[in-house]
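Per TrEMBL, the features are as follows:
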- 154-246: domain 'Heparan-alpha-glucosaminide N-acetyltransferase catalytic' (DOMAIN)
- 110-134: transmembrane segment (TRANSMEM)
- 155-175: transmembrane segment (TRANSMEM)
- 195-212: transmembrane segment (TRANSMEM)
- 224-244: transmembrane segment (TRANSMEM)
- 264-282: transmembrane segment (TRANSMEM)
- 303-320: transmembrane segment (TRANSMEM)
- 391-413: transmembrane segment (TRANSMEM)
- 425-445: transmembrane segment (TRANSMEM)
- 451-475: transmembrane segment (TRANSMEM)
- 495-514: transmembrane segment (TRANSMEM)
- 520-541: transmembrane segment (TRANSMEM)
Amino acid sequence: MVYLPIDTAQLTLVNKLERTINLYTQFEECYKCPFLPKPSQVKGGDTIIKKFHTYYTLQYQVTTYDNGDNMSRVLCSSTINAQDQSSHLLQITESFKCVLETLDSGRTNIWPLIIAIILLILLAALFFGGKYFYRRWKDETSINDELDNKISQRLNSLDAFRGLTILLMIFVNWGAGEYRFLDHAEWDGLRFADFIFPAFIFIMGVTMAISLKNLVIKKDVPLLKAYLQVILRSIKLFLVGLVLNSRAGGGLKYLRIPGVLQRFAITYLIVGSVHILSLHLNKDELYSRISYLNDIVPYWPDWILASIMIILYFSLTFGWKFDSDCPRAYTGPGGMYDKQSHPYCVGGAANKIDKAIFGENHIYQYFTAANLYDPIIDDRRQFNLKHDPEGLLGVTNSIILAIIGLQMGKIILTYSSAKQRFIRWAIWALSLGVLTAILAGTGAVPINKNLWSFTFVCATGTASIIIFAIFYLLIDLLKIWPLGKPFHYPGMNSILLYIGHDFTGGMLPFAFVADCDSHVWPLTQNIIGVLLWLLISVYLAKKNFFLTL
């Protein structure tokens with residue numbers, strides 16, 4: 001058996017016929033895709049070995065060679081659901097039969113991840129257990145007491161949620177142990193990594209509710225000064241995002257304009273500006289005549305903004321005929337998708353807007369779904385598709401998600417009773433979940449991170465509400481998880497960790513593993529890298545150093 005990288009299997013095809021045959025392949029997950037146009041030709045009596053990714057189910061079809069007389073014959077067509085390092089033998093017999101057998105069933109790669117999770121849980125138990133007994137016999141230093149007192153005045157569940165999210169983002173961005181199911185979905189669908197960025201947008205919304213009310217109502221900052229603070233922070237976020245994008249090379253000619261921090265900046269600018277207006281207009285009276293709508297009615301400008309964004313998203317995505325060669329309401333990945341019917345319509349209206357405003361050189365130069373829908377033929381991508389997952393049209397739904405987070409924060413500020421808060425959070429989570437099930441379940445609006453579809457923010461908004469509510473219950477209400485340790489440390493320095501991990505990816509001591517054929521070392525490397533940033537955040541918190549923009 002030849003050397004196989006991680007998550008790779010091999011298929012050995014033995015042709016016992018006296019004539020040439022063709023081996024066509026495709027992945028079953030590629031929606032209604034034809035077989036790849038260039039088959040592997042195997043002459044009579046020859047053998048070939050083909051490697052393929054085990055992320056997907058391999059489809060294959062064997063035909064006799066067409067000499068130009070259009071008389072090729074399909075000998076067999078089937079699938080192989082392979083595991084990592086597995087080996088399969090396909091023999092074409094003299095009687096034109098296909099015999100498939102598994103020579104090596106490969107291995108299940110989930111065990112390193114399970115063991116790592118168990119070890120991390122045991123490590124946490126030992127650490128906190130040891131700290132508990134240490135505190136019983138020896139007083140903590142006054143510095144730590146002072147820090148904990150300062151932290152206790154914050155919404156600690158929010159810091160812990162943010163901290164967990166930034167650590168998971170680092171883990172995913174650095175490879176997630178090379179586990180494909182932890183990475184982003186190729187196109188439609190939802191995977192582990194897809195929840196992380198939206199969680200940040202949600203958290204930003206909750207934070208805005210608290211910080212902007214403190215700015216406008218408690219501190220009574222003049223309207224123009226409040227707007228100036230929001231504008232300046234947005235500019236700083238946007239510029240830092242551009243600087244990070246410039247590390248990809250290419251200079252100004254190929255500088256990617258959209259990005260993660262840029263999405264934060266635009267969302268913060270728009271939602272923050274409108275919410276300041278809401279607070280200013282109702283500065284003297286933030287209560288409606290209907291008490292159970294006190295968190296909704298006084299903030300009517302926020303809801304007008306949400307309505308405008310929903311109308312804008314749906315009208316542009318499903319109502320605009322953005323290209324004469326593409327159908328209205330197209331939201332597919334193009335390429336080989338759906339029988340290769342619209343190969344250059346990738347991303348629909350969202351992609352068209354980005355290329356028109358930013359130019360093709362200034363958007364993401366790759367394509368998340370390329371392995372499925374834009375295959376490599378003769379050492380180059382067949383369609384050379386480009387799509388930016390942080391594009392401009394997706395800002396509409398980022399704003400909606402930020403408003404969902406904003407609403408959760410307003411519930412905290414409006415209602416002092418834990419019961420009232422949890423009831424309202426549950427209503428919002430249930431409503432968003434049902435809406436997602438209807439729109440995505442019927443296929444009307446698929447869940448799609450690359451497009452930041454409406455159902456994507458509804459689904460991730462639901463998850464964020466539930467996680468935040470659990471953290472709030474354990475940390476701030478019942479106080480059985482003191483301060484949300486250790487996640488509150490990175491949560492108070494999330495922007496520093498985000499910038500830092502972007503610069504240190506691939507550097508010692510955060511990265512030390514080259515190519516290998518197992519998940520063990522990549523997983524070990526990524527966990528150590530995350531733990532190092534956790535330790536850095538703890539050290540900075542003890543030194544009272546927090547980076548804010």
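Note that Cβ sites are derived from N, Cα and C of the backbone, with glycine treated the same way.
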Listed stretch, out of 110-134, 155-175, 264-282, 451-475, that has the most CB pairs under 8 angstroms to the transmembrane segment (495-514): 155-175
Remote residues contacting the transmembrane segment (264-282) - C-beta distance under 8 A, at least 6 residues beyond either end: 200-201, 204-205, 208-209, 212-213, 215-217, 223, 226-227, 230-231, 233-238, 241, 298-302, 304-305, 395, 398-399, 402-403, 406
Intrachain residues whose Cβ lies under 8 Å of the transmembrane segment (451-475), provided they are six or more past its termini: 156-158, 160-161, 190, 194-195, 198-199, 202-203, 206, 310, 313-314, 317, 331, 347-348, 350, 389, 391, 393-395, 397-398, 400-401, 404-405, 408, 421-422, 425-426, 428-429, 432-433, 435-436, 439-440, 445, 481-484
Arithmetic mean of per-residue pLDDT over the domain 'Heparan-alpha-glucosaminide N-acetyltransferase catalytic' (154-246): 96
Number of helical, extended and coil residues in the domain 'Heparan-alpha-glucosaminide N-acetyltransferase catalytic' (154-246), per DSSP: 75 helix, 1 strand, 17 coil
Cβ pairs under 8 Å between the transmembrane segment (520-541) and the transmembrane segment (224-244), at least three: no
Result, the transmembrane segment (110-134) in contact with the transmembrane segment (195-212) (3+ CB pairs under 8 Å): no
Chain residues outside the transmembrane segment (155-175) and at least six past its termini with a C-beta under 8 angstroms from it: 182-183, 192-193, 196-197, 199-200, 203, 206-207, 210, 412, 467-468, 471-472, 474-476, 481, 483-492, 494, 497-498, 501-502, 505, 510-511, 522, 525-527, 529-530, 533-534, 537
